[in-house]
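Everything on this sheet refers to the single structure shown next.
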Amino acid sequence: MDPQGGHYLNKAAVLSGLGAARMCQLLLGCTTMALVAHSAGFSATYGTYCMFVWCFCFAVTLVVFTLDVTRLHGCMPISWDNFTVAFAMLATLMYVTASVVYPVYFLRSECPSEGCEVRNYRIAVTVCSSVCCFAYGAEVFITRAKPGHVVGYMATMSGLLKVVQAFIACIIFGALANGSEYNRHIPTQYCVVVYSLCFSVTVVVVALTVSGRTSSLRFPFDRFVVIYTFLAVLLYLSAAVVWPVFSFDKKYGTPGRPENCPREKCPWDSKLVIAVFTCANLVLYFTDLVYSQRIRFVSHSAA
């Protein structure tokens, strides 16, 4: 008989810090969705994105929690530890953006036309969503790599940074699609190629690690990741120089924000977002390169 809870159920999945974090995630996620559906409401693209974040994270967390309690995750053809920490990192980032976007577009100091009760519900949604960020962050903190412990690659600083890099690239793609006018110059089109190439390879690295297939490759995967990260640093460095020049230099673009530019559809705003997050990803890839010198891959499927 297994002391952790019999042959079938895993008590440690509930009676532990990790279990407490996941139950908080489920409770806060369910509360947030209920508040939005009941009276807070959502609309337009930004509201739909926030609702997708809350529903998606709740659904995946429920599946993860259930599989962990029932020990059925051992039947999954993936590296379970790599998958759960990667999802927790992604959920943290998604919740952070939703917790910022929702109040920016739906919360005002004055009462809306629907009444002050709606504003109060939206405040509650913002609070629950913000607190849930810490619940997912707590899971990342608990499952992260610790000195002297053998863990999966995604639990290392380098693995977690891969998730952040891919997420920031998605933000860049969103800004590119929001009237960024990137097709006006060949150098800015080059930047789009850089973003797309780095994002694609990063996703492949994460997917191979989570699937536990790195050991079956015919080349040293850890060396490939280091070389790719080095090349990504060079590519992002070039994009961090090229994009601002061809977006804000008076010869090719507009140095200042046009006065008659609409708030949600202003190309200058999109260009600024891309420039800022390009620099952010450059820093992340460089940090990743430094940390990747210290790690070794664990390619087997962790139970």
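From the backbone N, Cα and C atoms, a Cβ is placed for every residue, glycine too.
As recorded in TrEMBL:
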TRANSMEM  12-40  transmembrane segment
DOMAIN    13-148  domain 'MARVEL'
TRANSMEM  46-67  transmembrane segment
TRANSMEM  79-101  transmembrane segment
TRANSMEM  121-138  transmembrane segment
TRANSMEM  150-177  transmembrane segment
DOMAIN    153-297  domain 'MARVEL'
TRANSMEM  192-212  transmembrane segment
TRANSMEM  224-246  transmembrane segment
TRANSMEM  272-291  transmembrane segment
Hey, does the transmembrane segment (224-246) touch the transmembrane segment (79-101), meaning at least 3 C-beta pairs closer than 8 angstroms, sequence gap 6 or more?
-> no
Does the transmembrane segment (150-177) make contact with the transmembrane segment (272-291) through 3 or more Cβ pairs under 8 Å, each pair 6 or more apart in sequence?
-> yes
Where among 12-40, 121-138, 224-246 do we find the most Cβ pairs under 8 Å to the transmembrane segment (192-212)?
-> 224-246
Which numbers of helix, strand and coil residues does DSSP report for the domain 'MARVEL' (13-148)?
-> 111 helix, 0 strand, 25 coil
For the domain 'MARVEL' (13-148), provide the mean pLDDT of the predicted model.
-> 89
